[in-house]
Every structure is written in structure tokens, then in C-alpha cells.
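Structure record follows, encoded as C-alpha cells.
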Amino acid sequence: MTPESLSEALRIGRLRESGPEWELYRDLCEGGLLDALSRFTVLSALRGTQRTWDEVWDSWRQLAARVPDLPPEAREWAGSGARGLLLAALLPYSESKTWLRAGCESVAPPPTGEITWYDWLRARDGGSDTPIGWLVRADFTAFAAAQAEQRRRQAAVDRQNQQAMTALDAASALRDRQWADYESRRLSPTARSGAVIRAALWLGTWGAATIPVAWIMWGWARPDIAATLSWYLVALTLAAYAGWLPRVIRLGAAYQPPLRRMREWAEEARADPGSVRRGLIRAGAVVAALLILGVLLHDIGVIATTVLVTPLLAAAFYFARIGALHDWADEHKERLRDYKSRRPGSGGIPESIVRGVQSPSARVRADAYQAYMRQFIGLDHGGKDDADRENDRRSR
């Protein structure tokens, strides 16, 4: 056993739990070994060190028990690993002082006032050259520096989160203002009057388109029947219009039937097999209805047939009232979905995004990230004018 090996046992053994250095360190901490080693001539300077070590250790434990707000990991170290460094500081050999000094110089202490418990310890460690002073500078400076760095990182994260929340709040307020402006324009008296006119033109166009069918079927043989059927078609159109009118008024400017783009709408309808099939079924139903009504007019007369048509008027009114007609408000629905999808949940982020970023699917996470970025801007349609919306329709 030499001073060098004893110093190495204290340096390495207190940090490991295996190996010869750790075994020697463990035996030293159990007590009595220092007195035995001091009998060797080369280690005779250790005489009395065991008693001093025990006294310093007791003093340190009493001091450590009073440290305010000491982190759990530092408090655990104060009751175990700190003992070996106290002995290293007491050894009368330069070897131990060398690595103690290197340990103190390897970590810069935090500024005064940043870590309260560290300042408290430094004020009571007895000075830099005392065993407790060496312990505080070598070991607990590292704990304090790590805690200070963690606090700085957390403060930076908190600042970033606060900046993000401020931006989210500003964007949310912007979207609310944009939505309020949009709703004000959509539900203005002028917009609602325009919607009423558009509904009259749209339904009137379809009603007028069916009148020639009646004349083609009956006009060549019975013009009187064709004329009566024409009035029935007008009445059915008016009934549907009356039932549809309240919803049109509620939609306001959002009600946008394709009056100005009939050709494009017809081309889109032809390109959709389902739309073509539904159109053929409806055309067949109109032809069949006109045929049946014409036969009834011929067989039972105008009065009886009109009585039978009255429930059809009621049905047209009812089904239009409950929304059986196409509302032509797709763009409004898209705006509404966009607005609602960015309403904040807990923490200022919509729940759908919170769930999306936790998804195992990379695509879902990517979509959630894009949705998150959209939280920092206004509504997608907030600044679009009529020309932009027309281009969007054509692109679709």
C-alpha cells in the first residue's frame, strides 16, 4: 500500500461499485483500516487521521441535514459518496490534492444568488482549504452547476412556450375577428336578399326546364292537359321554394348555386358516374309523374287531379324545409370546418393535434404538425375575394 494507491482508491472507489479500488474504499469507510495502515512506515503520516475523519464526517452530516432545498440526488450523495472525498482532503499527501484541485477546477460554480442552497453551503463550509470546503467545491459545485443549467434550459423552454402561446393567442384572436367579419358579411341584409334571388333563379330554372317536357309529351294531342301540368309544375316549384327559403336566408351569402358556371357544373356532373345515374333517375321520375298526371287529368278531370296533387305540394314544401335540396354551401362548410378545427383545447392546442402527434403513424404525425403550424396563422379563406374563390372552384 502506497500513498498513490490509497489516493487512487479514494478517487475511483467512491464512484464505482466494483474493482479493487472500490473494495479498499469500502473497507476504509467501515472504519479502523486507517489506523492499521498507519503502522506501515510509508503511511505513518496517517496516524490520527481516522479520528479526524470521523469528526469531520459527523460535522458534515449535521451541516448537510440543515441545507435548505438540497436536491434529492445531492442529499443522497451527501450521506454516502461525500465521505471518501473528506478523507482525500485529510490525507497528508500531494497525490490526493492533485485530483481534488482538478475536480474543483473542472466545473465553474454558478453565479452567486442563482442557487440558494449552494450559497448557503459555501457560507458555512469553513473555507476552501478545509475538508468540507474541498467537498463543497469539488462535488457540490457540480450539483449546483447542473441545477443552474437545468433551470436555464427550463427558463428558455418556458420563454419559447410563452412566445408560442402568445402567438397562438394572437392567431386565435385574428381568426375570431376574421370569422366575425365573415359572418357579418354572410348574414347582412344585402347578402340574404341576394341569396333569396339566387334561390328563386336556381329553382325557377329547374322548374322552367320541366315545363317543355309536359308540352312535348301532351301538347301535340291535348294542349289543355299540357297547360294544366305546367301550372302544377309551377306550383310544385313555388312550394319547394317556400320550404327552402328559411334555410336560404340562414345561409345568406354562403348559398351559391352555380348560376354563373352552369357549363362547368354540367361537365363536372357528367364526369361523375354517380351524378349521371342520379340525374337519369330524377329525369325518369319527372317523365313518369307527368305521364301519370296527364292520364289522371284525362280520366278523372282537373278538380280530382288537383286534389291528388295537393299532397305533392305539401311533400315538396316539407322535404325542402328539412333540407332535402342541395344547399350549395360547400365553401361555407369548408370555412366552418377550418375554423372549428383550430379552436383551442387544453393547453391552447386542439385535441385532434394533441392526439395526432402521439400517433404511431408518421403520416398522421406529419399532418398533425402541419395542422399545428396552421394554428399560428389566420383563416385560410380570410383574405380571399370572389376571383380567388372562382379560381379555387375551377381548380377543383
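First residue shown is number 1, and so on along the chain.
Using N, Cα and C of the backbone, Cβ positions are placed for all residues, glycine too.
Nobody curates TrEMBL annotations by hand; they come from automatic prediction.
Note that this is a predicted model, so its numbers are computed, not measured.
Listed by sequence, the residues of this chain that lie at least six past the ends of the transmembrane segment (195-218) yet keep a Cβ under 8 A from its Cβ atoms are 225-226, 229-230, 233-234, 236-237, 240-241, 244-245, 248-249, 251-257, 259, 286-287, 290-291, 294, 328. Taken from TrEMBL, the feature transmembrane segment applies to 195-218 (among others).
Under the heading transmembrane segment, TrEMBL lists 230-253 (among others). Beyond its flanks by at least six residues, the transmembrane segment (230-253) meets 185-188, 191-192, 194-196, 198-200, 203-204, 206-207, 210-211, 214-215, 293, 309, 312-314, 316-321, 323, 325, 327, 329, 332 of its own chain at Cβ-Cβ distances under 8 Å.
Per TrEMBL, transmembrane segment is recorded for 279-297 (among others).
Per TrEMBL, transmembrane segment is recorded for 303-320 (among others).
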